[in-house]
Amino acid sequence: MAAPGKVAAFRLPPLPTIGEIIRLFRLKAQKQLSQNFLLDLRLTDKIVQQAGELKNTHVCEVGPGPGGITRSILSAGVEHLLLIEKDARFIPGLQMLSEAAPGKVCIVHGDILNYRMEKAFPKHLKKNWEDEPPDIHIIGNLPFSVSTPLIIKWLENVSKKDGPFSYGRTQMTLTFQKEVAERLTANPGGKQRSRLSIMSQYLCTVENCFVIPGQAFVPKPEVDVAVVHFTPLVQPKIQQPFKLVEKVVQSVFQFRRKYCFRGLETLFPENGRLKRTEQLMMAANVDPTLRPFQLSMSQFRNLCNTYRKMCDEDPGLFVFDYREELRQKKKKKRLPSSTGQLEQTEEENQL
């Protein structure tokens, strides 16, 4: 029996190794799903440590696979662990872990991109946004194919304070390709500065924790992997709707190697494009000859705030789609030639 006032440390009973689990259930990483297994429990422990103190917390692990990180999370003494796994082949091995930790594990066979996380945790865990983060953590060794769309989805959830962030400033500890992690954390002027840099850093404190060499995974990926920790900010650095920020940032980085003026032009219809772009840059006090990766967060904030005012004055502006405008122009150019071909075919038929 544990001493009064102390919680007995949770320990998993003896279990087959991850390698044995893989052999037992004949699991094979599927290349089309960009699956890579991490078998070294020292590394899985290190990943989980980046999440901070997990004792008596609630954790959601995304894509647990054969359960390496799962074991490290359970060993950290969590109160409850939600596992969301898309691949049914891994469910039996995860159920073995669930039986070894009675009452602690809930397994959901589903796609994290569609899973409604606002109902995933008990209501009593909710905290005000201004308070310290809740006792909820998201941890995952993400497949490369899903990592970018998933983090963009969660960043939009942060901006709206919904999904897993309806409980407060829920922290995330996730793996990415090393290059993607460098983009997420890049500073102004850095080679890796990109759309992801702005979208993540205007909403969160983003920390590149450490790099795991590719050879630590089975099968070995062609790239190294980095562990990244996210903590949502109390106040976003750009206080505009997510979709507006996303549109401005995407436009700026559309022509990464050219002056930022060129990308910002795509926010406006052809009629009056040059004049409106000049107005935007002057009002935002941004040098039009800067490259996209040289812009600071405050300059992006000024651009978003100014563009919002322009959209308020012209409600049709925000829905303008530069790519659609290009498609329509190409379509019009093709029409005369196709009409000519039609007339020629009719003449041939008459002859």
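For all residues, glycine too, the Cβ spot is worked out from N, Cα and C.
For Asn36 (S-adenosyl-L-methionine binding site), the count of additional Cβ atoms within 10 Å of its Cβ stands at 20 [all protein chains shown]. The S-adenosyl-L-methionine binding site annotation in TrEMBL covers Asn36, Leu38, Gly63, Glu85, Asp111, Asn141.
Under the heading domain 'Ribosomal RNA adenine methylase transferase N-terminal', TrEMBL lists 43-234. In the predicted structure, the domain 'Ribosomal RNA adenine methylase transferase N-terminal' (43-234) carries a mean pLDDT of 95.
Positions annotated as region 'Disordered' by TrEMBL: 327-351.
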Chain-internal residues, separated by at least six, CB under 8 A from Asn141 (S-adenosyl-L-methionine binding site): Asn36, Leu38, Ile47, Gly63, Gly65, Gly68, Ile69, Thr175, Val225
Among all protein chains shown, how many Cβ atoms are found within 10 Å of the Cβ of Asp111 (S-adenosyl-L-methionine binding site), not counting that one? 11
